[in-house]
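The S-adenosyl-L-methionine binding site annotation in TrEMBL covers T110, D164, D192, A193.
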Amino acid sequence: MATHRSRALWSRVMRSCRLPGFRSSWPRGPLGARHVSQEKQATETHFGFETVSEEEKGGKVYHVFESVAKKYDVMNDMMSFGIHRIWKDLLLSKMHPFPGTQLLDVAGGTGDIAFRFLNYVHEQHKGKQKRQLRAQQNLSWEEIAKKYQSEEDPLGGSRVVVCDINKEMLKIGKQKARAQGHKAGLAWVLGDAEELPFDDDKFDVYTIAFGIRNVTHIDQALQEAHRVLKPGGRFLCLEFSQVNNPLISRLYDLYSFQVIPVLGEVIAGDWKSYQYLVESIRQFPSQEEFKEMIEDAGFEKVTYESLTSGIVAIHSGFKL
């Protein structure tokens, strides 16, 4: 842990020497990190239960999501019986964004979190506006109408940037945004969670839902999350986790390995991608282990909440 924190300190020193708006190509770690990174290219990692090189994993994960993009939302509903919608609603409830919040949603290509965020802050802003009008009871109906009509930003200054490494996922997200009428306060960026194309201290909230387990270097993604958040900013992660009930765990394993790949084949014509999905869940750290990783990245006041007997968990941390 001490080594990790010294690297984080060195990274902050190097970034402080950067010109504004310029993304440095210098190595992020201490002296000699370039040599270490060259060695790491040859190291191995997991792709589900398969052992592959780190370089190979990125391509394989990209192909998985390129393959499932068109059926991604349908499969989410089928696999979780629609419960994933409740999990995502709970994530927004825990975030409780206020008008003016600047959100970065990473690995959010299809827009599920972004659209919920926009709807949430829109309702918050409408409620604030109504409360202000009620407090001014002496206004005529003409003055009230003018106040509504002169409202330029229905989001109260809130913005969300969706960042995803996969072009097909972003394409689906943009199509959904048009269909749902989302235009204002929404931007789409092609980018890597391990090397975010944003300046330091830029966002109030960073979210990643069902995406971080697919990242090759989770520690780097967490460090990047910490870097782009403003001081006081919040990290929120919704991810599959470790089931804490032995009976449910056995049933969950049976469903995961015997049913989900079959659903993938029947609905999306893709057995292998959904086999990877269930295997990748088993390779992801437990709630406590992931909590420690978030703390190692520099976050404080890190907590988590297990949902549905631990099938998923929401981790939260702050940049203080």
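Note that Cβ sites are derived from N, Cα and C of the backbone, with glycine treated the same way.
TrEMBL entries are annotated by machine, without manual review.
In this structure, D192 is the one among the binding-site residues T110, D164, D192, A193 with the smallest number of other Cβ atoms inside 10 Å of its Cβ. Largest Cα to Cα distance within the recorded S-adenosyl-L-methionine binders T110, D164, D192, A193: about 16 Å as a whole number.
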